[in-house]
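Peer 1: After the structure tokens below, expect a handful of questions from me.
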């Protein structure tokens with residue numbers, strides 16, 4: 001990464017002493033080998049001494065400071081074929097060993113010289129980069145979306161199981177009408193308590209971590225099918241919440257592979273598995289319920305078993321497919337691994353070496369957390385209660401299973417289109433606000449339907465479910481991308497900011513599980529009104545956050561134009577590659 005080296009040492013190969021106790025690097029205008037021949041390139045003289053006992057650190061200085069063009073990076077240690085990086089100090093140790101074994105060492109041969117390949121630029125085309133991104137889309141994003149679909153299936157199918165006689169089979173004597181809400185809340189209580197597991201994506205290899213999570217929640221999901229009472233089901237739902245809580249860090253994991261302007265679409269593909277799963281669950285529940293007369297197993301038990309078993313089977317596949325990072329992706333060639341690595345910008349914050357707790361002072365992290373909390377009131381409650389709500393409208397249990405699917409299927413398609421446009425225009429706030437207003441309108445109509453004199457089974461009430469569901473699914477996707485995009489700093493800051501959003505956000509479902517008591521049917525006016533108010537709050541928070549971000553961007557623009565402050569011209573060193581930020585960090589609006 002430093003071109004050709006000349007290590008100044010004694011004939012034993014040991015580094016000579018230096019006053020500063022560090023590593024000093026100087027450049028010469030010519031390059032020579034041990035024999036003195038001239039070669040193309042540049043020679044660096046590196047004097048290595050042990051670290052100072054007072055500082056305990058190495059220091060270096062370099063004369064290279066030219067900014068590199070986009071898509072062109074100096075080939076520090078790598079060839080175009082994607083050889084792995086080698087630490088320069090390892091090379092120094094190799095030089096010492098070679099020096100000790102040399103037969104012709106004499107006083108005039110110090111400092112020792114080692115022939116190094118001249119520096120060259122690593123270049124790649126836009127087509128090559130697109131090919132790498134497509135592979136990540138196919139191998140990482142799609143597979144993670146499938147896993148999330150299975151997770152959401154196991155989480156939300158309890159709503160379908162309830163109207164398939166689960167409530168009757170598990171209810172106590174005398175019956176407790178709150179048991180169902182307890183079962184729902186226990187899942188989200190565990191989700192909240194174990195949300196911190198999102199940070200484990202940086203500590204445990206992803207292929208091990210994910211496969212363990214998938215297997216664990218698959219086993220618990222199947223065990224729900226043999227529950228004999230509500231207390232047992234409540235306990236199993238708690239353990240299911242623990243298993244799925246660790247999976248919430250997937251959008252953070254995707255940021256290891258994609259640029260910030262690419263993230264919303266990939267997050268959308270991942271999150272859109274939720275409405276797709278709900279639609280699939282409703283369709284599968286319809287099929288299973290319709291076969292209840294010829295199957296000796298209770299339909300709700302069979303539903304839990306059939307939807308939990310695929311998770312156990314796919315856990316082994318996850319172990320072999322999921323890469324831990326771009327450099328460990330087995331489906332990439334050595335050159336593609338290097339492209340995947342160098343195409344991502346390095347962190348622009350020096351706090352990348354810290355604890356990441358600076359994210360707790362970021363108002364954007366707290367605001368997006370509050371947005372998720374309000375949205376989750378609706379996001380978590382409607383899938384769990386929609387079959388019951390439809391039944392209370394006068395539809396049969398079989399029809400309610402079928403009618404639950406269309407709103408979520410349309411939500412899936414809308415999420416993909418919205419995320420694509422959001423990435424295309426590099427904007428999150430306007431799309432988020434639009435869908436929050438859309439969802440607010442749907443919930444407002446549902447909450448006022450009795451006031452307007454609509455009948456419980458009115459098709460207008462059913463139609464209002466569509467904007468409500470479409471809106472909150474899109475808000476969730478865009479808010480998650482907004483949070484990750486606007487985390488200043490490196491992976492630690494992003495991880496802490498994301499974990500904060502997940503912890504605060506899960507306070508919403510704890511309240512959402514109590515919005516639709518049976519006594520409020522068939523209109524559930526209070527619950528629908530709370531969701532409408534929550535989506536109105538999202539509009540206010542998102543609008544205020546966007547105004548704040550715009551003001552900060554304007555402030556940073558002024559600082560950089562005046563040549564004071566800002567981050568322009570900050571030289572970043574990562575894996576020996578020097579790059580210059582032409583423009584400092586800016587919030588994505």
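For all residues, glycine too, the Cβ spot is worked out from N, Cα and C.
Keep in mind that TrEMBL annotations are predicted by a computer and have not been checked by a curator.
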Peer 1: Between 342-363, 496-517, I'd like to know which one TrEMBL lists as transmembrane segment.
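Peer 2: My reading of TrEMBL: the transmembrane segment range is 496-517.
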Peer 1: Check each of the ranges 523-545, 546-568 against TrEMBL and return the one annotated as transmembrane segment.
Peer 2: 523-545
Peer 1: Identify the transmembrane segment range according to TrEMBL, selecting from 107-131, 232-256.
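Peer 2: That would be 232-256, per the transmembrane segment entry in TrEMBL.
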Peer 1: Transmembrane segment per TrEMBL sits at which of 79-100, 365-386?
Peer 2: 365-386
Peer 1: Which is it, of 58-78, 268-288, that TrEMBL names as transmembrane segment?
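Peer 2: It is 268-288 that TrEMBL describes as transmembrane segment.
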Peer 1: Take a look at 140-159, 208-226, 268-288, 300-322, 496-517 and tell me which one has the most Cβ pairs under 8 Å to the transmembrane segment (406-425).
Peer 2: 268-288
Peer 1: Per the 3+ Cβ pairs under 8 Å rule, pairs at least 6 apart in sequence, do the transmembrane segment (300-322) and the transmembrane segment (232-256) touch?
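Peer 2: The transmembrane segment (232-256) and the transmembrane segment (300-322): touching, no.
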Peer 1: For the transmembrane segment (365-386) and the transmembrane segment (523-545), decide whether they are in contact, meaning at least 3 CB pairs lie under 8 A, counting pairs 6 or more apart in sequence.
Peer 2: yes
